[in-house]
Amino acid sequence: MNPTVLTIIISSMGLGTTLTFIGSHWLLVWMGLEINTLAIIPLMIRQHHPRAVEATTKYFITQATASALLLFASVTNAWTSGEWSLIEMLNPTSATLATAALALKIGLAPLHFWLPEVLQGLDLTTGLILATWQKLAPFAILLQLSPLLNSNLLLLFGVTSTIVGGWGGLNQTQLRKILAYSSIANLGWMITILHYSPSLTLLNLILYMFMTLTTFLLFKTFNSTKINSISSSTLKSPLMSVIALMTLLSLGGLPPLSGFMPKWLILQELTKQSLIIPATIMALMALLSLFFYLRLCYATTLTKAPGPINMASTWRTKSHQPTLILLTSASISIFMLPMTPLILMLMT
């Protein structure tokens, strides 16, 4: 892609997200979401592959539907209350419609149908943007609306997402689909606690973005899109295969890694709110997610790709060294659990 065009596209994505962050008027926020959506479409379609075209079409239709529903919710709220301010959504029907629209935008179950198929049709770089950056603007709105939203509806979306994310990833062999269901499950954890502790949602979102960034960068380095293609990662770089192992276990929420921290704090908060049954269901579904992460760990570090030479490494193998971005994100994804007391102190 032309560097000038790429610069304009990336600047537009940044502008759209910034507008949503700073906006307090519904139309300005909606405009930011639309700029964000339209900016990523050229990146999705640049491959000129039928699967990329299909993924882009699905993404555009889904996001357009969600944007129309969100605009309808804001107009309805302005009609009934006379307020266009983001934090003045006093009409319960408008708040419910806005929640459903934002759930469709980020891919919460049962409105998740588009996310695995779209992510599967994209290359890993664009998939990384879709799984991380494109979540920021909708979550900025959700965090501002959190006191006004229906807690039961958020709980329904959250628990359903953890169930779908856990079960959906079990029989997948495509890495991008596994990461899509992983995203759905993690979004479920975030949205469940949104009404009770927005700061925990923000903490979970930040850690999720770092862990997803590390995972996508590793798969891009290994040039892997299927489970059976990452078995040669140990030959390419033993250090990076160990980083992949630790990051995947952290995504699964295994102690003593960073990914355990938000799950632990969220379950603790749900228990304080006497939501024992949702907390139990989510903890059990986390075990299902951990199972398919363990499958990836087994394929990454405990299997060896078939080859004609019985050697640890061949002269043809290109040496892969982790970059500074990868090392930084991996460190945050793996070693943040001892910082929990400090983070809790900053949050209170």
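Keep in mind that glycine also has a Cβ here, set from the backbone N, Cα and C atoms.
Copied over from Swiss-Prot, here are the features:
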| type | residues | note |
| --- | --- | --- |
| TRANSMEM | 3-23 | transmembrane segment |
| TRANSMEM | 25-45 | transmembrane segment |
| TRANSMEM | 59-79 | transmembrane segment |
| TRANSMEM | 95-115 | transmembrane segment |
| TRANSMEM | 149-171 | transmembrane segment |
| TRANSMEM | 178-198 | transmembrane segment |
| TRANSMEM | 199-219 | transmembrane segment |
| TRANSMEM | 242-262 | transmembrane segment |
| TRANSMEM | 274-294 | transmembrane segment |
| TRANSMEM | 324-344 | transmembrane segment |
Cβ-Cβ under 8 Å with the transmembrane segment (25-45): same-chain residues at least 6 beyond its ends
1, 5, 9-10, 12-13, 15-19, 52-53, 55-56, 59-60, 63-64, 67, 70-71, 74, 77-78, 84-86, 105, 121-122, 126, 129-130, 134, 137-138, 141
Excluding the flanking five residues on each side, which residues at least 6 beyond the ends of the transmembrane segment (242-262) place their CB within less than 8 Å of a CB in that stretch?
182, 186, 189, 200, 203-204, 207-208, 210-212, 214-215, 218, 222, 230, 233, 286, 289-290, 293-294, 296-297, 300-301, 322, 326, 330, 332-337, 340, 343
Taking contact to mean 3 or more CB pairs closer than 8 A (sequence separation of 6 or more), are the transmembrane segment (149-171) and the transmembrane segment (3-23) in contact?
no
As a test: from 3-23, 178-198, 274-294, pick the stretch that has the greatest number of Cβ pairs under 8 Å with the transmembrane segment (95-115).
178-198
Cβ-Cβ under 8 Å with the transmembrane segment (3-23): same-chain residues at least 6 beyond its ends
29, 31-40, 42-43, 86, 129, 133, 136-137, 140-141
